[in-house]
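Trainee: One structure follows; several queries about it will come next.
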């Protein structure tokens, strides 16, 4: 990374966890990601979900077609399939052969937005997981239990004990990405796990703790899943992200929702951060005194874990304050982005 006091130039990053939606909403938000990132792992939780390789290929075409002309050829969507109780080993073989599917996403049924079709019992997926292990197809995990008896702030910690640890014992060769980790326990799990286990960390979980949900009143635009945690957990995530450990890397989990779905009696979970994602990460690393480790976290660790080449082009950020918009277009509606109306310290050059 080449940097001065007022400019950072480094290898173009990738986003290893992104929600793009579809149709006009996708056309609205896709440029924010494509300007900053060369590639992104695209989440499959559409309505209906992306459960076959054929559907993933069609979705990929829609994404590429939605890129504005000035960004054409600059962004590559990396596709995923939504794991269900009925996903077959044959579908995993097709996914691997396609060259476009980079992972299979495990959503415990009901764990987050559009997860109703998710896995009800991981034991039902044994043959499929065996095929994934055989073909070295990564399993991307939303790591929360959905047991109503478990406190919402403990869902990730309990998932490690009840689901993830037994899963890795049963499938010792399975490659797993523990997505959007939020707890000290998850950090420690990855640090002590074999090299086949990695984790993504979001910008919002690095910047916010659970107080942000209630500052001056209820803050629905800070509601996400996994939910924000205590400050001790944010500090653990910050230390992990800036440590240089090769199995922690960037995944924004940027998730656009219209204002009406957030400001609701039963609001949706999700934070939109794609409008300033790499700028937010730079700010976090600068505050931690670890700007020298930003490039590895954002641009090297992810492709290295997935077995993909690192990007060869570069981006620059300049130290310039700019105001984040109060609202962003989302198709025919509006969304409120992370830190709406506030000022960011770094700006995309």
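Cβ coordinates come from backbone N, Cα and C, glycine included.
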Trainee: Given that Swiss-Prot lists 17, 19, 253 as binding Zn(2+) 1, which residue among 105, 334, 347 does it place in the same site?
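Mentor: The one candidate that Swiss-Prot places in that Zn(2+) 1 site: 105.
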Trainee: Under 8 Å Cβ-Cβ from residue 21 (substrate binding site), six or more apart in the same chain: what's there?
Mentor: 29, 46, 256
Trainee: To the nearest Å, how far is the Cα of residue 225 (substrate binding site) from the Cα of residue 17 (Zn(2+) 1 binding site)?
Mentor: 13
Trainee: Among 19, 257, all listed as binding-site residues, which has the most CB atoms within 10 Å of its CB?
Mentor: 257
Trainee: Using a 10 Å radius around its CB, how many other CB atoms surround residue 17 (Zn(2+) 1 binding site)?
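Mentor: There are 26 such Cβ atoms around residue 17 (Zn(2+) 1 binding site).
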Trainee: Say you check the Cα of residue 20 (substrate binding site) against those of the recorded positions 105, 180, 253; which is nearest?
Mentor: 253
Trainee: Taking only the Cα atoms, work out how far residue 17 (Zn(2+) 1 binding site) lies from residue 253 (active site), in Å, as a whole number.
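Mentor: Pair distance, Cα basis, whole Å: 5 Å.
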Trainee: Just checking the recorded positions 142, 180, 253: which sit within 10 A of residue 19 (Zn(2+) 1 binding site), CA to CA?
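Mentor: Checking each Cα against residue 19 (Zn(2+) 1 binding site), the hits are 253.
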